[in-house]
Structure formats: structure tokens, C-alpha cells
Amino acid sequence: MTSQLRKINNVIEQFLLPLAEAVSGWSTLAAIRSALIVTLPLMFLGSLAELMISFPLDAYKEFMFRQFGPEWRMFGQILKDATFSVMSLIMVFSIGHHLTDQFNHDNPVLRANPVIAGLVAFTAFFCLLQQDGDALNRRWLGVAGLFVAILVGVFATRLFLYFFSIKRLHLHLPGGTPDIAIPQAFNAFIPGMLTVLVFAALGAAMQTFVGMSLHEALYRSIRMPFDAIGEGLGRGMLYILSLHALWFAGIHGANVLDPITHDIYGAAMLANEVAAAAGEPLPHIMTKTFMDTFVFMGGAGTGISLAGALILFGKTQASRKIGIFSLVPGLFNINEVLLFGLPIVLNPLMLIPFLLTPVLLAAISYVAVATGLVPGTNVATEWTTPILLNGYLSTGSLSGSALQLANLVVGVLIYAPFVLIANKIKVKQINDAFRSLLRRSCATADSSRRCLDHNDDAGSLARSLITDLEYDYRHGEGLFLEFQPQICSRTGRVVGVESLIRWKHPSYGLIPAPITVALAEDSGLIRPIGLWVFETACQVRKSWLDAGITDLTMAVNVSALQLERSFPKQLLDIAARYDLPPSLMEVEVTESSALDSDKPESHILSRVYDAGFPVAIDDFGMGHSSLKYLKQFPVSVVKIDGAISREVVTNSICSDIVASITRLCRARNMLSVAEFVENEEQAALLRELGCDVFQGYLYSKSLLPSDCLQFIQKRNGGNGA
């Protein structure tokens, strides 16, 4: 059985994985998907409100009536009206915002205001609504109008951005203005008006020539085929397939097919109840209760099975959490969390299982009832009646609940291969985002280092990681230090170590240090985290001092953002707390920090040096300001950039640069440290060129404090002093 499932999964993966990866990169679908995800908190709140209003147990209703009076449903109805009832408005604005973010990413000079674009799409949507007298038809403002909202959001925003890209339509303000919102508003003035005029004309044309709004025309055309099909299994399958196809497109399938649901399958259920009361055979198998009980378990697409597949087979923490969050409302057949949070809507990878699962379960259930294995539905139950309970109540038999369990397992097996494929796509997207984030994090000051200012997958990942970084820092989880030994080039003894921050993420594992530092700088966490690093390093250095390690300097990396007026005193206070002389703790600043002489940070470093802390420049030699630093503040140690030291054997220019740096260091009484020393040939040449200290994998990787202490003691002999 397992091998057969694996073969099926391989076949599905072979055909769908390339297609899903390609489609996932479409900018329009990405914007729609992002807009749907943004609505997730509101959808979840609306689902809870729906459950609060419709919970089917009489004891619950009586309790709520006694506690809150006859208007106890009002609170839930207010929540529902504030979420589900305005979902189309939220969606159309959100799509406009996300599409404009994409446009700005591709056009950094010609930037449109995302809020203005969202408002233009919002207004265009209202242009297509039909008025009932003096008021708008509110039906289409909620989930019932979601499909048209998606269409309008996409086309209105695309049209606005097309007009916006024509610079002749901009109202230019000569000389500019200090308020950036003013020129953005003026530039969008004509493009916004033209877009709204186009949709107003379309709305007027629909009312004049068709006699109804676009929403109404679309939904009526969808209902037409069902009027021509007679009763039977074929119509039942068409009903189920159509309802789910509509949901997949973002159309509220239950609302569109509501006449069929109640006029045909609701009437069939009523006929079954009458027959059961009279002791006669049940005339119908497929009823509304049959659908709710055996097919729509957990909502459209048999959402409870998808939730189970996500929990069992989801690889990312996000997918498993969505499965868990959707499980509780799913037990009551509410699955907006999955439809819009995963999302299922317009997710090509989920199209096949979303359509196949309910159709197959309907066929299985039909056969089970037709053959007498399970009694037919003879008692109508509320659609929010919990799974398993509704199976028993509607059939009067535990076999109804047993059929639900069997259907649940079948549904999980159908969804499982597609969840596994989604895992692979998600992992690839995360890996690509990490690579992009690492490139941005390692950029020098001349490049954009901000990780948060990008509206792509890497930017989303950065924003998510910052939340996790702050949580782990506040709770003392995940963050720790490792120490890489520094070796004297002449004696081979350990003369120093560099403390390196490490962050072990609960989902992604060890995060590259440049990303951790860049995220901390972008979020402002670098100040408290930087002090934590220094204090932790002092704590370790104190323990080594107590172990007899007296002549070793511990370097701590410092960001330019930490160099505030109180910084030198903070370092002195921490060092004093551990009875450490400042000379044992080296403050290391990266050359890419771009510390200009007219900035206060340079003066802060001078005060740090005057307080007794050695000052080191990291990554010396490749940036724009290496030599300038030597003039701006006192320097004790120069660490040669790894891009130079790595190529010293193969590139004569690099060896000449190293020789020049070491001569300068000797002339100014500074130590020179070569990083990324990885082989003996490289070490021998660097030694010949005059480097004082080596650091790299030739000697040791970064080590935990206890392992590093053992390395020092073994390398230096005895107690390591």
C-alpha cells in the first residue's frame, strides 16, 4: 500500500510540481494570495462569530438566553457584519495595495502610492454595484461578491498603474515639497480619475443595456445550467463539483447555488423526514443533510481532511499551525480559515484534491446508503452540528459516524500527496528567500542593507524572522555565543578569540549570522542584543580568567547603531560587574559601518579606546573608508578582509595589499589579523607577508565556550596561560 501511494505521489509530483512552481511565481496570483492571507485574522474572527450564532445545541442556546437575554446573538452578528459582510471591500483594497507594491519593486524610480491604488480599486468596485433605491445592494460587499472583488481589484489596479506609468499624466510640482504624500497624490490624480471613469462607464452600461449589475449577471449565468438538468445522481455530482469550482474561484458557492440547495436538496430532506415519521422507505439518498454530513465535513472541499493532512504531513510550522487553527471551526463545518488562509482559493496546486475529494466521498457515501450499509438521512440537522455527532443524529445509527470516519481517512489520503508537493515548493521558496536575504545582509554600506524594505518573499521572511528574533531574545531562547580562536603566527599559541552570535530558530535551524545581525539592526534590537552579547562574552571571559587564562583578548562585534553616548559607560559597567580589566575585551567594528569623521560614532569609539578597551576594525581593505578610519579614531587591531586573505596565494594583487596593510600596522603599532585562513600554503604566505595573527578553519571553527576553553588549554599547554 505504501509503495503504491509513493508511486502515485511521484506521478503527481512529476506533472504538478513544475506547473505549481511556475504558477506560484505569477505576480497577479501572488498578489491575490497575499491579499487573501491578509484577511485571515478577520476570517477566523468571522468564523468564530458564525459559530457563536449558529451553535446547534439547545442547552447552549438556553444558557446564552439566560445569561444575555433575547438579543444574545447581537454581539456575534456585529462581529460577522464587521468581517464576512465586508470581505469584498477588504479584498479589493488589499489586492490594489499588493499589486502596487510589486510595481514599485520593479520600478524604484516611478513609485505609486499603494494606499491610493487600493482606494482607486475600492472606488471602482463601488461603481459596479447596483443600487436598491437610494441604497447600495449590501449583499455583494461580503463573501458573496468576492469573485468580482478579485477581478475588479486586479483590473482596476492594473489600469491605474498603466495610466500612472504615462508620465505625461502626472501633475508635476516644480521644486518638490517636504511632504512626500503631496506629490504622490498629485501624480496619481489623473490616473486615478481615468480609472474610476472607466469603471463608472462599465457600471452604467451594465445597468442600461443588461438591466442588472455585473455581480448579478455573473451569478445568474452560473445558475442557468442547473435549471435544465433533472433530479438524480448526475445532478448531485454536478452540484458538488460546481459548488467547489465556484469556491475555488473565490465565489461563495453556497450562496450562488442556494436555490438548488434549498429547493431541491432541502425539499428532499423534508420528504425523507415525512417518510420516516410515517414509517415508509426514504425516497431520497442525496439530501441537504446528506451533503452536510458526509461530503462537506469541515466545510467546502471536506476541509477537515485537509486540516488533518496539514497536521500530519505539513513540513513548515506555518502550514501545521493553519491546520491546527482550522481544526476547531472545521469540526463545526466552518473552513474559511483554509479557504483564504492557506489559501485554497486560486491555488492551482489544491484544485485537484479540492474538487476530487468531495465528489469521491459523495460517491462512496451514496453507495453506502444505497446498499444499506448506512441508513439514509432522516433527521435534519443544523449545518454547524459537530462532525460525528451529526452523522449519528441524521441517520439514527453509529454507522453514520463510522462512514464519516472512513470518509475522513480517504480525504486525508487524497490531500496528502498535494500537501507533500506544497511542502517542497514552500521549502524551495524559503531557501531562495534565505539566499536573497543573505545577499542583502552581507551588502556593504554603499548598497541597500535594509531587509525590511522589500515586498518580495525575502522581505516577508525578514519581517517574520524579526518577530521570532524579538521573542527569542525576550524569553532567553535560541540565542547563544560561539568563539573562534585566534592564533599567533609566530608561536602558534592562542592569543585571542572572536565571540560570534548564533541564533537557532525553532523552525529554520541555525540562521546565518549576517542575517541575524542585519535583522537586529533593521528592527533596532541590535542595541539590547548587542549589550547581551557583550555581557555574555564577559561572563565567559571571567570563567576563563578563573580557570587561569590570563593573556587572551576576547573580541566582541559592535554595530555602528550601538555607538551612542552612553555606550562606553555601559561597557565599563558590564566589565566591572565581572571584575574584568577592559584590556581583555576588544571592541570590533565592521569596516562596512561607514563611520564618517563628522558623525558622533567616531568620537564614541575614541572614548571606548580611552576607557581601556582595544578597538579593532573588521573587514579592513575592501570598503570605501578603510584608511580614513585610521585617522578618525584610535585603532589597536586591523582584521584583513577575508576576500583579500582568501586569494593571497592565487592573486598577486591581494598579496601586495596584505603586505601594504601589515607594513602600515607595524608603523602604527597595530596588530594585523588575517581571517579565513584555511590551508598551510595560505598561512605560510601570510606569515611571510607579516601578518601577526591567524583566524580560520585551518586551526578551528567557532566553538562553544567549554570546547573553546579545552582548545586553548590544549594548544597553549597546561592551564592555557
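Glycine too: its Cβ is placed from the backbone N, Cα and C atoms.
Straight from TrEMBL, the features:
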type     : residues : note
DOMAIN   : 12-418   : domain 'PTS EIIC type-3'
DOMAIN   : 462-716  : domain 'EAL'
TRANSMEM : 35-57    : transmembrane segment
TRANSMEM : 78-99    : transmembrane segment
TRANSMEM : 111-129  : transmembrane segment
TRANSMEM : 141-165  : transmembrane segment
TRANSMEM : 185-211  : transmembrane segment
TRANSMEM : 232-252  : transmembrane segment
TRANSMEM : 294-316  : transmembrane segment
TRANSMEM : 322-342  : transmembrane segment
TRANSMEM : 349-369  : transmembrane segment
TRANSMEM : 402-422  : transmembrane segment
Selected stretch (most C-beta pairs under 8 A with the transmembrane segment (185-211)) from 78-99, 111-129, 232-252, 294-316: 111-129
Residue numbers, six or more beyond the limits of the transmembrane segment (35-57), whose CB comes under 8 Å of its CB atoms: 73, 75-77, 79-80, 83-84, 87, 90-91, 94-95, 97-98, 153, 325, 329, 332, 334, 336-337, 339-341, 343, 345-346, 381-385
Chain residues in Cβ proximity to the transmembrane segment (111-129) (below 8 Å; excluding those fewer than six residues from its ends, i.e. six or more beyond): 88-89, 92-101, 103-104, 136-137, 140-141, 148-149, 152-153, 156-157, 160-161, 164, 181, 184-185, 187-188, 191-192, 195-196, 198-200, 202-203, 206, 213-215
Within-chain partners of the transmembrane segment (232-252) [C-beta distance under 8 Å, separation at least 6 from its ends]: 143-144, 146-147, 149-150, 219, 222, 225-226, 260, 264-265, 286, 291, 295, 300-301, 339, 344-346, 350-351, 354-355, 358-359, 362-363, 366
Overall pLDDT for the domain 'PTS EIIC type-3' (12-418), taken as the rounded mean: 83
Long-range Cβ neighbours of the transmembrane segment (349-369) (under 8 Å; 6 or more residues past either end): 16, 20, 23-24, 233, 236-237, 240-241, 244-245, 247-248, 285-286, 290-291, 294-297, 300-302, 305-306, 342, 375-376, 403, 406-407, 410-411, 414-415, 418, 421-422, 425
Same-chain residues near the transmembrane segment (294-316), Cβ under 8 Å, at least 6 residues beyond its ends: 240, 243-244, 247, 253-254, 322-324, 326-327, 330-331, 333-336, 338-339, 342, 344, 350, 353-354, 357-358, 361-362, 365, 383, 387, 391, 403-404, 407-408, 410-412, 414-416, 419-420, 423, 426-427, 430, 507
